[in-house]
């Protein structure tokens with residue numbers, strides 16, 4: 001998580017900075033290890049394990065650890081939009097839950113696409129936050145954060161949608177976690193419809209997020225004065 005200045009320009013305490021830096025650094029290590037696991041899986045494929053069998057604990061630990069970011073924003077340790085933070089964290093957790101609980105998704109061609117995109121995005125993001133806490137962000141890190149998204153966003157979203165798409169067949173056949181009428185509570189729920197709705201939400205939101213990053217890249221990397229960039233970047 002990045003540390004940003006509040007309206008009073010009060011600097012975070014040394015303890016807060018140490019805590020946030022530690023969190024970011026641990027996440028860098030975690031996602032780097034996950035990337036190593038993925039590469040090693042394809043270089044030396046195990047005979048009796050799928051990709052998900054190899055990476056599931058690493059993904060579960062470090063993706064779910066992102067709930068800490070919601071706490072950090074909610075308590076004011078990090079200045080960011082709470083609603084956006086919750087949406088970002090839950091969207092990833094939903095994918096992990098789909099892979100963990102819906103059998104066929106672990107074999108989805110979208111799984112490696114999503115995981116690889118997440119790894120590069122998170123390693124870059126947490127590196128950026130870590131350097132920001134120190135007070136100096138190398139230009140290479142800034143460039144990577146505002147350039148890699150050109151490829152990582154489409155690849156990641158494609159992977160996530162493929163995972164959801166793969167889950168629909170199993171959920172539809174088994175009516176997993178669905179509640180049908182009639183029943184005593186007189187309520188109905190279809191997990192298949194819920195997943196389909198989530199997929200449709202990508203249509204309006206992905207272009208907005210993508211163009212927001214395009215704007216941020218132009219705003220940040222378009223400045224001819226590196227020193228000002230260091231001060232403005234959060």
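Each Cβ is built from the backbone N, Cα and C atoms, and glycine gets one as well.
Keep in mind it's a predicted model, so treat the numbers as computed, not measured.
Going by TrEMBL, these are the annotated features:
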- 21-43: transmembrane segment (TRANSMEM)
- 55-77: transmembrane segment (TRANSMEM)
- 89-106: transmembrane segment (TRANSMEM)
- 126-143: transmembrane segment (TRANSMEM)
- 150-167: transmembrane segment (TRANSMEM)
- 187-207: transmembrane segment (TRANSMEM)
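Beyond its flanks by at least six residues, the transmembrane segment (150-167) meets 95, 98-99, 102, 104-105, 107-118, 120-121, 195, 198-199, 202, 206, 209-210, 213 of its own chain at Cβ-Cβ distances under 8 Å. Each of 21-43, 55-77, 89-106, 187-207 was scored by its Cβ pairs under 8 Å to the transmembrane segment (126-143), and the highest score goes to 21-43.
Away from its own ends, the transmembrane segment (187-207) comes close to residues 94, 98, 153, 157, 160-161, 164-165, 167-168, 171-172, 175-181 of its chain (Cβ-Cβ under 8 Å, at least six residues beyond either end).
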